[in-house]
Structure formats: structure tokens, C-alpha cells
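Contents: one structure, followed by commentary.
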Amino acid sequence: MNIQDIHNLFLQCSSLSIDTRKIEKNSMFFAIKGENFDANTFAKEALDLGALFVVIDNKSYYIDERTILVENSLQTLQELAKFHRSYLGLPIVALTGSNGKTTTKELINVVLSKKFKTKATIGNLNNHIGVPLTLLSFTKETEIGIVEMGANHQKEIEFLCEIAQPDFGYITNFGKAHLEGFGGVEGVISGKSEMYKYLAANQKTVFVNLEDPIQIEKSKGIKSFTFGVKKQSADLNIQEITANPFVAISYDNFSIESHLIGLYNANNINAAVSIGSYFKVNESDIKSAIENYIPANNRSQMMQKGSNEIILDAYNANPSSMAVAISNFLQLHKNNKIMILGDMFELGDESLYEHKVIVDSLADQEQALCFLIGKSFYVNQVEKENIKFFETFETFADFLKNFKFDSNTILIKGSRGMALERALEYIS
Ligand code: ATP
Ligand code: MG
């Protein structure tokens, strides 16, 4: 069966699934081999649960004419996604970058959905399986698709662009994330820039943040829509940005007061405003879309516990996002500041050095009491009154049992694996 035939069958289905626990009636089930299991074994169950067709790549699991036997299910999923994307022919906005992809994607989505029927990546489904699933969730009704692309090694973005064939692209930033897989910062820059290469080769359009010299340099020669602070020549001119703690931005004709914390979110908002302006969404709609957006999932969330104000950013951390979060926090006009920071993972050989940089920057300030948790911080211990080190979360939790938070402003940030939101239960 060729991909067009499979696509015809896909069009008869209500949805597509790779997980029998979440299967919907009349869907198409793809049996993808994982590291620990072979989903071919679930093909029969998928049909019993109401799937119309199952795609398998091991003929011993063939059931009946509802079974589609292919060479490699994952590859077929990717080919089907590419075929479906061409079949629909809708404009697609793709974004990648080290930090802020999901936040920016959600902001773009709330802005564009004021005028268009949009569909965007659900949650963080941004890899070689997530991108195809996202594309296959688009329908004839979808007017613009918004696709988040994640990568932790070279050639991944190139591959995802070949599948999604974006018409518009934005790279949030080139930071110190996934240094291990990319081979250092230069590797991150060339890896992410694969999106620019795709856009250049296909005469597509890029959104460029003029505050970022790497974006300017790497996107040279591509059709662009630019934004910058006090840059009259930019397509979107930003007059002023403040973050006290919520980000507020004024543009030439309107202003926005967001519910997002941290100056870095200004970039995310400006990208979404630019894309909204490009697609001619009314300024009043852009404003209300962003002002009504409340972050979730431990990403830069503001909360109150007892007398304490907490900035919960425990979703993830890497050296760049940690550094901006710390400098933002130190700039806040608040008293009794405390930082609860956890190890940053996936840094490979750079790990020791990057944790040391953070510790040194904290040792230079007197404003905040710092609790640093995890092995990588622990090996970088310094003697300083206002910095305390804990090798594990458990030892920190023991310490907290006898520590009283009182009218503090608290920043909580660390890698996902540290799950620092666990600290919340000790704050009252
Ligand atoms: P992932 O790699 O997990 O998909 P992501 O790129 O989608 O991450 P978000 O989930 O939007 O990023 O944000 C994760 C964290 O990155 C935020 O909680 C915040 O600390 C930080 N962050 C967000 N935007 C930026 C930015 N523009 N620059 C630097 N750090 C940022
Ligand atoms: Mg994400």
C-alpha cells in the first residue's frame, strides 16, 4: 500500500493514536516500537477498542483486512504527516529554540486564534513523533498550523522541517540547552539554524528579534519580519519593556500588560505580537489575547502561600534560562528574597563549569538567601553566609522542616528531574 492509499484510509478515521490507553473510536492506530515495548502487540487490542485501522510493521501481528502492514511504522507515520501537510496546503508557522518554545507557541496560538481557526502542538509534543502527530491533527478546517520543534542533536530540525514544510519560522533563542547532544554552544547554533536554512532554500519568511545578534546574523538573506526595541526601521517597534514583576510592553499604537514574569518573556510576547501583526490580527485582539493568557505547568507561575509570594519556575532549567531568571529575580523591588535552585541536567562536560558560574554569580550578591540543591551544585560549594548547599532534595526537605518562611519572595527553579515544586508543601 502506498502512502496515498494509507492517507485515504486515514481520512476516513476520526483521529490518529499511538497509545491504546488513549485510543478514540474510529481512529487509526500506529504501532510504534518504543525502547521497552513493541506496540505491534497492541494492534488487536486497538481494533477491539474501536480503531478502524491499525498500522503495524511486524507481519506476525496481522489480524484482518483492517491491518496495514508496512516496513517501518514510525517512518510511515512521518511520511503520512508530510503527505497530509501537503494535501491540506495550509500556512504553517514553526518554532524552535533553546528556551521559550512552548510559551511562545501558546502566545502565538491565542493571538492567531482571534482571527483564524488554528491548531497548534499539544503540550510539548515536539519531536520526531510529536511533530507528525501535530500535523496529522490538522484538518480541512484548520486555517493556520503552529508547530513546536524540539531538538537535542544536529540534523533533527532539518528533518522536522522536511516533514512540516513551514512557511514561517521563528527561533526563540540560541541558549545553553542540550549542550551534551549538540556538542557545545556552537553546535546549538548550527543545529537550530537548520530552520533558517530550510526557510532560505524555500523562499519562506522568518521572524527576527533584532535584540539577538545571532538571529540577525544567521537569518541574513531570508525574507523577514523584524521586531526590536526603539528601532523605527523594524516591522514592529517596541517602545518600552518593564517587568515588575509582570511584563508590560508598549508599542507605537498600543500597550500590553501581561501575566507573565521575567524579562525573557518579553521576547516571547514580542514574537507573538509580530506574528499577529503579520497576519493582520486587530491590535485590540492581540492585546486582549496576551493579557488573558495565564501560564501553567510550573512555567513562571506566580502564587501566594501564606505570607509568601512564590515565582514557581520548576518546569525546567538550563544555564541561560537560570541566569535570566536569577537576574530578573534580583531586580525585583522586594524584600526577604529567597532562591531555591536545583541542578541543571544534560550539560555533559560543561556541567561542572556551568554550575560554578551560577554559584559565583550568587556569591556576588547580598540580596537573597540561596538554597542550592543537587549533586552538581554541591560539588561547587563555597563558604558564604547566604548560600546553603544540599546534596539531595531529601536533605533539603529535612532542613525545611525547621525553617520558617515568613513574608518572603521566593524563586523556585531547577531541571525537570529535580521536581522542585515538591518544595511548595514546606512553604506556608
Ligand atoms: P522544552 O525544551 O521543554 O520544550 P521550551 O523551549 O518549550 O522548553 P518553555 O516551556 O516555554 O520552553 O519554557 C521553559 C522555561 O524556559 C521557562 O519556565 C523559563 O524559565 C525559560 N524561558 C522561557 N522563555 C525564555 C526565553 N525567551 N529566554 C530564556 N529563557 C526562557
Ligand atoms: Mg516546549
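For all residues, glycine too, the Cβ spot is worked out from N, Cα and C.
What TrEMBL records for this protein:
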BINDING   G97, S98, N99, G100, K101, T102, T103  ATP binding site
DOMAIN    15-84  domain 'Mur ligase N-terminal catalytic'
DOMAIN    96-274  domain 'Mur ligase central'
DOMAIN    299-416  domain 'Mur ligase C-terminal'
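In the predicted model, the domain 'Mur ligase N-terminal catalytic' (15-84) has a mean pLDDT of 95. Taken through DSSP, the domain 'Mur ligase C-terminal' (299-416) splits into 42 helix, 32 strand, 44 coil. For K101 (ATP binding site), the same-chain residues 6+ apart in sequence whose C-beta sits under 8 angstroms from its C-beta are L95, N126, E148, M149, G150, T172. Each of the binding-site residues S98, N99, T103 was scored by the number of other CB atoms within 10 A of its CB, and the lowest score belongs to N99. For ligand 2, the neighbouring binding-site residues among G97, S98, G100, K101, T102 are K101, T102, by Cβ distance under 6 Å. Neighbour density for G97 (ATP binding site): within 10 A of its CB lie 27 other CB atoms from the protein chains shown. Around T102 (ATP binding site), taking its Cβ as the centre, 23 other Cβ atoms fall within 10 Å, counting all chains.
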